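Since the structure comes first, as structure tokens, the remarks are kept for the end.
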Amino acid sequence: MLNVSGLWAEYQGKPALQDVSLQIASGQLVVVLGPSGCGKTTLLNLIAGFMTPSAGVITLDNIPVSGPSAERGVVFQNEGLLPWRDVVSNVEFGLQLAGMSKEQRRVTALKMLNRVGLAGFEHHFIWQLSGGMRQRVGIARALAVDPRLLLLDEPFGALDAFTREQMQELLLTIWRDTGKQILLITHDIEEAVFLASELLLLSPGPGQVVERLSLNFGQRYAEGEPCRAIKSDPEFIARREDVLGKVFQQREVLI
């Protein structure tokens, strides 16, 4: 279980987060939603171990987070892939750093590429792939080291609407099949409502958790209900509009 308690943080000398607490249990997909500048990415970087909080505690399975670790796989908004490596060797990169044998990391990387729908593209270079395919490589690379927690920082924000929905479906399929703890950062309200088993709404910066919502639309997809049927369901539309209203309410506080 991920446990974040009483987290305070600064970014570039300014307050970014104030007293943020959250938990992610095994099999839970938590989405953090908020406007630009609310500290969403700072929160993810703290959990990933890339930054140190001003105050508060972060633990994963009761072990304090003190720096980056293979226990926490990260998928970046800009993919963070190595252009001089082909697809399969990008996926192998973390395994290579961990000291896995060449044969075993190739087997693992090919398995992950198959999981994300990229079988047959292992020897393509990154510049030969579409944006959605590059994000699939990023997800495969993060999963290859078998992390306890998967962290995704606005991974689908630069994709077109059709590809974004495909990637949302892929993420829910991975969540269903692996049972991993997942934390996703987004500013897209429909995406947040569709994916989250728990949705945390952050206030404009410095970010504080102002709403916690339990949702089941992602679970419905994982159980076989089509994405389009879910997103056109009046219940989904009503919840999306409710969250939109809460977001606008937070923005109006600043005016």
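Glycine residues also receive a Cβ, built from the backbone N, Cα and C atoms like all the rest.
What Swiss-Prot records for this protein:
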| type | residues | note |
| --- | --- | --- |
| BINDING | Gly34, Pro35, Ser36, Gly37, Cys38, Gly39, Lys40, Thr41 | ATP binding site |
| DOMAIN | 2-229 | domain 'ABC transporter' |
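Thr41 (ATP binding site) has a Cβ environment of 20 other Cβ atoms inside 10 Å. The residues near the ATP site, meaning same-chain residues not in Gly34, Pro35, Ser36, Gly37, Cys38, Gly39, Lys40, Thr41 whose C-beta sits within 8 angstroms of the mean position of the site's C-beta atoms, are His187, Leu202, Pro204, Gly205, Gly207, in sequence order. For Ser36 (ATP binding site), the same-chain residues lying six or more positions away in sequence with a CB closer than 8 A to its CB are His187. In the structure as shown, the Cβ atom of Gly34 (ATP binding site) sits within 10 Å of 25 other Cβ atoms. In sequence order, Val32, Leu33, Gly34, Asp153, Glu154, Ile185, Thr186, His187, Leu202, Gly207 make up the list of same-chain residues 6 or more apart from Lys40 (ATP binding site) whose Cβ falls under 8 Å from its Cβ. Neighbour density around each Cβ, counted as other Cβ atoms within 10 Å, peaks among the binding-site residues Cys38, Gly39 at Gly39. Counting only same-chain residues six or more apart in sequence, the Cβ atoms lying under 8 angstroms from the Cβ of Gly37 (ATP binding site) belong to Pro204, Gly205. According to DSSP, Ser36 (ATP binding site) sits in a coil region rather than a helix or strand.
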